Every structure is written in C-alpha cells, then in structure tokens.
Amino acid sequence: MFYKLAQKVMFQMDPELAHNIAIGSLKMTGNNLLNCFYRQQVKSSPVTCMGLTFPNPVGLAAGLDKDGESIDAFHAMGFGHVEVGTVTPRPQAGNDQPRLFRLKPAKGIINRMGFNNKGVDNLVRNLMAKKSDIMVGVNIGKNKDTPVEQGKDDYLICMEKVYQYASYIAVNISSPNTPGLRSMQYGELLDDLLSSIKAKQTELAAKHGKYVPVALKIAPDLTSEEISAIADSLMSNQFDGVIATNTTLSRDTVTDLKHAEEMGGLSGKPLADLSTQVIKQLAICLQGKIPIIGVGGINSAADALAKFDAGSTMVQIYSGFIYQGPKLVDQIARAYCAK
C-alpha cells in the first residue's frame, strides 16, 4: 500500500528527479525504524551461484544504486543481493538531461544515462560504511573519454579498488550509452579483456586471501554466432558467471508509444522475450559450466520463472521493481521455492 502511494507521487515527477529523491530517502532510512515502510521478510530460498550462497535468487540489477548509497535499505527489502554501479575510475556526469523516460503503458524504461557516477573511490567508501551483510556485486565500466583500445585499464583499476569489498565483480561491456563500449564484446578486444581480468583476479586473490568471482554482463542485441563466440571466450578464460542481459536498442515492441523514439537502452517488460532468448542460447552453449544470472523484463513471478526455465541460476530486477515495488522480491522467491 505504501509503495503504491509513493509510486503515484513519484510518477508525477521527472523520472530522474524521482530516482534521486528515492535513493536519497532510502539512504537516510536504511538503518533506522523508518525502514518499516518497506522492510519485509522474504521467503528463504538459498541458491548457490559462482561458488557463493545467496539467501534467495533475487537480486537488484546494476544502475539503480550506482554509487552504493542505499545498500542497507535494499537489504531490508529482502533482496538476495544488490549489484551496485556501474562505477568508473573517475567521476563522470554522464550524458545530457533529459536522459531517462518512462513508457508506462508497456511497463518499460528508456535510459541514456551514460555511466553517471561519483567514481570508484566514493563507492569504496560506501561499501566500507554499509551495516548489513548482504551480498554486493560491483558492476565496473570504463570512463567515456577512455579510448576503447585502452578500456581494459579502466576495468583493472576499478577491479583492484573494489576487490576486497565485493562479493562478486560484474564487467559491463554492454551498455549502449557509452560510445564504442559494445565493441568490446567481440573478437580480440573481448579475449584480451577477459584474460586480463582473470589474471588480475588471480593476483588479487593471492594478495587478499579471498577469491572474488567475476561475471560478464552482455547485451541482448547479439546474433546466435556472437552469443556462441562470447560463451567460448567465457569458458576459455574460466569466467565465473555471465549476466544476461543489459538493455536493448530495439524498439520493435514499443513502436507507437510516447518516448519510444528516444535514444538509449530500453528495459522493462518489452525486453523480456529478447533477454530470455539470449539466456536460452547461452545455456545451450555453456552446458552448465558457467552460471547465468538472468535479467531483463521481469515484471512478475511468472516472468522470473521463464528466466529460470531458460537456464538462469539467479535473476535480477530493476524496471519491474520500479513498477511493482518490493513485493516482487518475495513473489519471485516464493515462486522459485514452489517450482
């Protein structure tokens, strides 16, 4: 009830303003009695993924809490894990506003944020300050002004700084809002990046006495051949996981809606089938050797079950959380237990 009232107010605002107010409010209330407005007990449904045990298979996708300011609040909502970021080595403002648009009839969102964040050092401070023991994945990216050919260095800088504070690290090369970024999903650029990440992981595991899994986040706008090539590279470089998928550039499912023509990545319900198809193809290619975290268009427990049936070990929500609220976490956890 509280969420529906809050949503009604927020949906009258500019989407980015509403987002900033929400994150600020959650930051202030995450560790005090005011979290009673959203705190909930979620059905226990432990799952093992990437060698880690999560209390339930429902995570918060990257992009909502970019700077890790409200981790404890999302823990109170019962998420099995939170993925913060995308974070870059240096702070950056992102793309010009407006850059966030609701497609309410389709339960979709278009964004062209452009990795706006306060930088990796700020994120590390927030990770150190969190009170809860929730699993936290850190999604890392490159700065916009770093040439793609040198992008690998940005990932390694972020990885070194967040390693000891992260439950796992997600390597984001699939945002459509950073020029040239998606080119890192192919060929020599991909293999060079993954092998460098893996070597850095080995180095940092020895340094900190802690093995932190690494996962690759991929786009939905890939051919079968490209998915197969990515799967081969993941296996040959012994990556621990893959997150499928990021937002899509396709507008096939929202052609006549207001804001559909806006540039950026489309998420939410219109992405559901496309991301599920990618997961199915990945699962065939990976043959159970690398776990898949399914994300994209999960707006109900049934949507989540489709991701599990396609081959996902865990799922993440973002747009569905915006439209449905915290109750979606428990609904998915219960459906997972009952399946």
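A Cβ is built for glycine as well, from the same backbone N, Cα and C atoms used for every other residue.
Going through THR48, THR86, THR202 against Swiss-Prot, the one listed in the FMN site together with ALA62, GLY63, LEU64, ASP65, LYS66, ASN139, ASN172, LYS217, THR245, GLY268, GLY297, TYR318, SER319 turns out to be THR86. Put simply, of the recorded positions GLY114, SER175, ASN246, the one whose Cα is nearest the Cα of TYR318 (FMN binding site) is ASN246.
Rounded to a whole number, the distance between the Cα atoms of ASN172 (substrate binding site) and ASN139 (FMN binding site) is 6 Å.
The recorded positions close to LYS217 (FMN binding site), defined as a CA atom within 10 A of its CA, are ASN172, SER175, ASN246 out of ARG112, GLY114, ASN172, SER175, ASN246.
Following the DSSP three-state reduction, the secondary structure of ASN139 (FMN binding site) is strand.
Taking the C-alpha positions, the distance from GLY268 (FMN binding site) to ASN172 (substrate binding site) comes to 19 Å.
A 10 Å cutoff on Cβ-Cβ distances gives ASN139 (FMN binding site) a total of 27 other Cβ atoms nearby, all chains included.
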